[in-house]
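Below: one structure, written as structure tokens.
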């Protein structure tokens with residue numbers, strides 16, 4: 001025990017020396033104090049809300065607001081989606097109704113092939129549409145009406161476009177044509193009287209020179225009110241329909257394609273009155289939207305404050321390393337202080353606030369920008385739900401011996417695999433674009449799915465996902481055996497390359513990164529476990545020392 005006393009004495013003298021040195025050099029103690037304070041700040045900064053609550057009892061206000069916001073924003077989106085669904089349905093149903101009203105013999109299965117082939121059919125189609133327009137009040141089952149400008153109703157415009165001069169003799173293989181386009185129009189007033197309830201081409205000096213004809217277009221405007229929203233306790237909207245019936249003869253192939261385009265504008269109704277509780281429901285929804293805005297505003301303020309604190313701590317950390325360790329902190333380490341989740345939440349909050357404001361204006365019928373509001377609310381909700389991934393890391397799933405943080409494993413896998421995935425996708429896109437251009441040029445004249453670059457890209461992307469393969473093969477025309485053979489080589493090579501090789505390699509990149517990180521976590525946990533066993537075992541030996549005994553007995557205590 002004398003040896004033990006000597007050891008204690010030596011330790012005491014060592015402490016006296018340290019105390020003396022601190023008195024002689026007070027700056028050293030200050031540096032150690034600053035370093036300890038910075039270490040505590042860093043440790044607390046990188047804690048999650050649950051750990052901060054356990055460490056200092058700090059209530060996780062941001063976490064609570066985010067969970068509340070997820071519920072409220074989702075409810076808001078569902079309500080707006082149901083309202084927008086009625087708008088879309090009203091637009092589509094009116095378009096279908098107009099096709100049946102103004103296109104003679106129209107059926108829905110003829111959308112892509114609706115055409116006429118004789119001059120008589122062209123005139124019949126034109127004057128059928130004019131007659132239907134003039135008799136709209138008597139034949140339509142909807143609440144359609146003509147557009148009015150001041151006290152008069154707008155007229156239907158019938159315009160034909162044709163080459164300025166043209167003489168074509170296919171039999172002699174000769175032609176003489178001036179490609180400049182001229183336009184000739186006449187107008188039909190809605191109040192024009194009808195003879196025998198029909199209108200023929202003799203009523204107008206209207207003739208078509210089919211050798212020079214490019215297009216014929218009938219343009220007119222109608223109005224309607226969407227009353228179905230009343231049953232869902234919403235105020236109705238007023239709609240303006242600008243319709244154009246186009247007879248397309250640009251190809252001069254003997255087939256004139258007919259299409260009806262409907263350009264829709266939503267307006268606030270000028271004078272309206274609805275009995276019942278619709279006004280109260282509208283006010284309740286506006287109050288709910290205002291509460292959503294306040295919640296997002298609180299979230300925006302808290303997250304912005306946290307981001308600012310992160311930048312301040314970053315500057316303090318960089319300054320400390322520069323002055324005390326003479327080292328520069330790398331950009332990657334500095335970016336650790338920028339919480340990407342807070343940036344994501346700030347963006348989603350801004351989008352939600354703007355989208356909710358537009359939604360309130362739409363409900364008040366002072367604005368009709370459904371598309372803009374849909375994009376804002378849809379994007380913000382997607383970002384909010386994407387932010388849910390962050391909170392999965394706060395609730396860990398434990399095994400008997402090893403605890404797995406699935407959130408960290410997912411984030412690490414995405415972060416590590418992203419650079420390789422981007423480089424791989426850049427190479428794959430080059431191959432993909434090559435197939436797109438090749439298919440468009442070679443197969444375009446013989447396959448309906450390769451008519452444009454956009455259609456080619458959509459078709460090939462569907463093939464990668466295994467969709468509609470047989471139809472793509474079957475719809476290939478067999479007029480040219482060489483092109484048909486090329487199409488088989490083209491499609492088989494594309495499917496084999498992208499499904500069996502490119503897609504498999506893409507999945508393998510992510511899988512390999514996942515396995516690497518998973519194995520690394522296992523080795524880290526095993527190493528951590530061994531070190532903890534050694535540390536606890538050493539502590540137990542020290543605790544069982546007894547001054548009355550001169551012999552120490554080794555004791556092995558199982559830790560796990």
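Glycine too: its Cβ is placed from the backbone N, Cα and C atoms.
As annotated by TrEMBL, domain 'Mucolipin extracytosolic' applies to 87-270.
For 287-308 (among others), the entry in TrEMBL reads transmembrane segment.
What TrEMBL records for 340-358 (among others) is transmembrane segment. Below 8 angstroms of C-beta separation, residues 66, 69, 73, 76, 289-290, 292-293, 296-297, 299-300, 303-304, 306-307, 310, 367, 369, 372-373, 376-377, 379-381, 383-384, 386-387, 390 of the same chain, each at least six residues beyond the ends of the transmembrane segment (340-358), sit close to that stretch.
Distant neighbours of the transmembrane segment (370-392): 63, 66-67, 69-70, 73-74, 76-77, 80, 84, 87, 266, 341, 344-345, 347-349, 351-352, 354-356, 358-359, 362, 406-407, 410-411; these residues of the same chain sit at least 6 beyond its ends, with a Cβ under 8 Å from one of its Cβ atoms. Here TrEMBL flags 370-392 (among others) as transmembrane segment.
The annotation domain 'Polycystin cation channel PKD1/PKD2' is assigned in TrEMBL to 371-517. Across the domain 'Polycystin cation channel PKD1/PKD2' (371-517), the model assigns an average pLDDT of 79.
Sequence annotations record features per position, and here TrEMBL assigns transmembrane segment to 421-443 (among others).
Residues or ranges marked as transmembrane segment in TrEMBL: 489-511 (among others). Nonlocal intrachain contacts for the transmembrane segment (489-511), taken as residues 6+ away from its ends with a CB within less than 8 angstroms of a stretch CB, comprise 413, 417, 420-421, 424-425, 428, 431-432, 435, 438-439, 442-443, 460, 463-464, 466, 469, 472-473.
Residue counts for the domain 'Polycystin cation channel PKD1/PKD2' (371-517) under DSSP, helix first, then strand, then coil, are 120 helix, 4 strand, 23 coil.
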